[in-house]
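Undergrad: Quick paste from TrEMBL:
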{"type": "TRANSMEM", "residues": "38-58", "note": "transmembrane segment"}
{"type": "TRANSMEM", "residues": "135-153", "note": "transmembrane segment"}
{"type": "TRANSMEM", "residues": "159-179", "note": "transmembrane segment"}
{"type": "TRANSMEM", "residues": "191-212", "note": "transmembrane segment"}
{"type": "REGION", "residues": "222-257", "note": "region 'Disordered'"}
{"type": "COMPBIAS", "residues": "226-244", "note": "compositional bias 'Polar residues'"}
Amino acid sequence: MAVFAVPFGIVGGRLYHLITTPQPYFGEGGHPLDALKIWHGGLGIWGAIALGALGAWLGCRRFHVPFRVYADAATPGVIFAHALGRWGNWFNNELYGRATDAPWGLTIHQWDESQGRAVVDASGKPVVIGTFQPTFLYESVFLVLLGLLLLRLDKVRDFAPGQIFALYVIGYPCGRVVMEFMRSDEANHILGLRVNVWTCLLVFLLGIWLYLSAGRAASARGQVDPASSSGRVDTSPAPSSGPSDTADPGPGSSTSP
């Protein structure tokens, strides 16, 4: 499925970045062709997950695999890959938080975009802007914990197909919105809030809908107990369609009318 999901995810991540941050490419003095240079950075995780999921769905259709089952199986790997991918922000010198003097503060250098490296002073040392909150690190740790939590939950209770993936969609925005309020980089705003804050809200609501719809779909197929709101699999035996356990009346016996 990765053959379908990965290319779609890359395109989706780039499209989200271009839609939410169009100025460097299509604004005054922008360079439209730079929109194709994904190696310079600029991939939005929201778009990557959305189109990546679409690609996976197409792959599942192609190979006749239930998408919800596949999504649940892939979710832990996606989360841990997401956590690892956050370290790209460190290499790109981007998406850090506010200034801090904490021991774990991230040292940020003045960056030469054209050269893809730090600016150096007369002595050849990189020019330091300051130390900032490493929001990429916080998010990476949060994602690892989220992945471990979902793995644990999957072992201790039963979920309808698709609900583990839905919990990822619900859980990630809860951590991401905290990081958004910690960040200090330039961003487009709607009604005073960063675009990604609104995206967090919409994705959170989408996750709730996915969770509930997965439960309803499983109930309709008889995969879960409709009376259970937890989505637990119904393991009660089906009614027997064979002969009744009641003994037939013997010869000469009478029955009431």
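Just so you know, glycine gets a Cβ as well, placed from its N, Cα and C.
A TrEMBL annotation is a machine prediction, not a hand-curated record.
Describe the structural context of each listed feature in the structure shown, including burial, neighbouring residues and relevant distances.
TA: Within its own chain, the transmembrane segment (38-58) is flanked in space by residues 1, 4-21, 67, 70-71, 74, 78, 82, 85, 88, 92, 94, 113, 116, 196, 199, 203, which lie at least six positions past its ends and keep a Cβ under 8 Å from the stretch.
Here the transmembrane segment (135-153) has Cβ contacts under 8 Å with residues 75-76, 79-80, 82-84, 86-87, 89-90, 95-97, 104, 106, 159, 164, 167-168, 171-172, 175-176, 178-179, 182-183 of the same chain, all six or more residues outside its ends.
Residues 66-69, 71-72, 74-75, 78-79, 82, 97, 135, 138-139, 142-143, 146, 149-150, 153, 196-197, 199-201, 203-204, 206-208, 210-211, 213-215, 217-219, 223-224, 231 of the same chain sit 6 or more residues outside the transmembrane segment (159-179) yet have a Cβ under 8 Å from a Cβ within it.
Only residues 6 or more beyond the boundaries of the transmembrane segment (191-212), in the same chain, are considered here, and those with a CB under 8 A from a CB of the stretch are 20, 46, 162-163, 165-174, 176-177, 180-181, 183.
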